[in-house]
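If you look up Swiss-Prot, you'll see 59 marked as O2 binding site. The feature heme b binding site is assigned by Swiss-Prot to 88, with sequence analysis given as support. Swiss-Prot lists 2-142 with the feature domain 'Globin'. Among the features that Swiss-Prot reports, phosphoserine is placed at 4, 50, 103, 139 (among others). The N6-succinyllysine annotation in Swiss-Prot covers 8, 12, 17, 41. Per Swiss-Prot, phosphothreonine is recorded for 9, 109, 138 (among others), and the stated evidence type is similarity to another entry. Positions annotated as N6-acetyllysine by Swiss-Prot, on the basis of similarity to another entry: 17.
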């Protein structure tokens, strides 16, 4: 999926509102995913998955940092996310459907925290962005 110029503008503007909360929003999205889609917990058997756990917060920071990196490289997502794609495909072997589930939870989290900025156009752009990130992260599964 190709991001239009308007999509890129919307994604950058929305992510600028996220600011220093990217890790917190990432952790909240993970918690939403674990609650809404309990099978996703199987990838984290060594984690304390309780609300506010240090491990979920740390992984949420990784998610937030990766998305911040992606927002900064919208014109070269495959290059920017190559190492993460390798990690998830070859070492962690995460089922690709889980990226879609996390994307859904990220959109919900952003909608809750940025209600005035989460317009239909921004929602559509963020959805396309997260879908593109998911595609890039699963590209090395083949």
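Cβ atoms here come from the backbone N, Cα and C positions, even for glycine.
Across the domain 'Globin' (2-142), mean pLDDT in this model comes to 95. Among the recorded positions 17, 50, 59, 103, 139, the residue whose Cα lies closest in space to that of residue 9 (phosphothreonine) is 17. On a Cα basis, residue 103 (phosphoserine) lies 21 Å away from residue 50 (phosphoserine). Cα distances from residue 88 (heme b binding site) to the modified residues 8, 41, 103, 109, 139 are smallest for 139. The C-beta environment of residue 103 (phosphoserine), restricted to residues of the same chain at least 6 apart in sequence and closer than 8 Å, consists of 127, 130, 131, 133, 134. Here the C-alpha separation of residue 41 (N6-succinyllysine) and residue 12 (N6-succinyllysine) works out to 31 Å. Residue 12 (N6-succinyllysine) sits 23 Å from residue 138 (phosphothreonine), taking the CA atoms of both as reference points.
Note on proximity: among 4, 17, 109, 138, the modified residues of the record, the Cα nearest the residue listed as 'O2 binding site' is that of 109.
Residue environment of residue 4 (phosphoserine) contains 10 other Cβ atoms, counted within 10 Å of its Cβ in all protein chains.
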